[in-house]
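Here the structure comes first, spelled out in structure tokens, and everything after it is commentary.
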Amino acid sequence: MPEGQIVRAVGGFFDVRTPEGDIRCRARGIFKKKNLSPLVGDYVIFERTGPEEGVVTEVRPRRTELVRPPIANVEQAVVLFSLREPPFQPVLLDRILVHCERVGLRVCICLTKLDLVPDRSEVEQIAKIYTPAGYRVAATSIRTGEGVEQVKEWLKDTLSVFAGPSGVGKSSLLNEILPGLRLRTGQVSAKLGRGRHTTRHVEIIDLPDGGRVADSPGFSRLDFTGLEETELGDYFPEIREHAVHCAFRGCLHRDEPNCAVREAVDKREIDPGRYRNYLQFLQEIIENRRFKKW
Ligand SMILES: Nc1nc2c(ncn2[C@@H]2O[C@H](COP(=O)(O)OP(=O)(O)OP(=O)(O)O)[C@@H](O)[C@H]2O)c(=O)[nH]1
Ligand SMILES: [Mg+2]
Ligand SMILES: [Zn+2]
């Protein structure tokens, strides 16, 4: 039976890429019954029902699976946040990073709309926090073209996904990277200061330099369902690194004695802002669990 990879999901249809072109498929009813849905990025087996139509009958095991944006088998996430319009949101960035770490993705951080920032030291400060944590950081502008080559370099030879809030310029940057692409882009609402959810579906795009990248709809909410409080520290690389020296196994790095993470925060080896977000997420996980027990 023919096989291919889902490159687009729109309105209950999945476009499966094959050497002979894209086949528009529905998913077999069994998926719905099991509350499973094929994802963009999935390798699937399908049955033909017409020259360009089919039904997905089986999904191959996923190497990675991201819930937001919903996509399978990516190796790398490029997480985009604008420096202005909408303003930079470090808490949401750290939330997304936790999710990417949990899935095991390589992460690059792209700070967009550099042309709207009068003072470069702002970018340097953000880079100073995230580079030591193990993330690659670049700042871009589609107005000046700055940083675009760097992002192109990141995208080579791998399947990546662009993720981030609405209006930060994900589709705009992809249009810049691949002239002729013409993805729809939207204005940021002046009144609300956020994007208008212009991109509505996940779609994988082939790049001329060999890589592939998925554009995705912006999102602003992300919770930690299914995450244990003892796991959280593993998903902050700089906390993970110091945690091996904590006195207690299962240390939550809150108020335990001889906590190597807190010591590292005091010495500014771990950024206090990142640590604050860690504590906030920890509290959220603990409260959610308590709530569920009731
Ligand atoms: N000044 C400036 N504006 C930019 C830049 N990149 C994008 N924009 C503007 O930001 C707005 C939103 O861009 P989009 O590309 O639609 O944003 P998106 O992240 O794809 O948003 P969703 O599809 O809603 O998730 C548009 O008006 C773009 O012109 C940039 O580098 N500088
Ligand atoms: Mg978009
Ligand atoms: Zn500790």
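Each residue, glycine too, has its Cβ placed from N, Cα and C.
All annotation found in TrEMBL is predicted automatically rather than curated by experts.
Quick look at what TrEMBL lists:
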type	residues	note
DOMAIN	63-222	domain 'CP-type G'
DOMAIN	72-220	domain 'EngC GTPase'
BINDING	Thr112, Lys113, Leu114, Asp115, Gly164, Pro165, Ser166, Gly167, Val168, Gly169, Lys170, Ser171, Ser172	GTP binding site
BINDING	Cys246, Cys251, His253, Cys259	Zn(2+) binding site
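Candidate binding-site residues: Ser166, Lys170, His253, Cys259. Those with a Cβ under 6 Å from ligand 2, in sequence order, are Lys170. Around the Cβ of Gly164 (GTP binding site), the number of neighbouring Cβ atoms within 10 Å comes to 27. Ligand 3 lies under 6 Å from the Cβ of the following binding-site residues, listed in sequence order from Thr112, Val168, Cys246, Cys251, His253, Cys259: Cys246, Cys251, His253, Cys259. Checking the binding-site residues Thr112, Ser166, Val168, Lys170, Cys259 against ligand 1 with a 6 Å cutoff on the Cβ atom leaves Thr112, Ser166, Val168, Lys170, in sequence order. Listed in chain order, the extra residues whose Cβ falls within 8 Å of the Cβ center of the Zn(2+) site residues Cys246, Cys251, His253, Cys259 are Gly233, Ala243, Ala247, Phe248, Leu252, Arg254, Glu256, Asn258, Ala260, Val261, Arg262.
There are 20 other CB atoms within 10 A of the CB of Cys259 (Zn(2+) binding site), with all protein chains counted. Lys170 (GTP binding site) sits 35 Å from His253 (Zn(2+) binding site), counting Cα to Cα. Taking only the Cα positions, the spacing between Ser166 (GTP binding site) and Cys259 (Zn(2+) binding site) is 38 angstrom.
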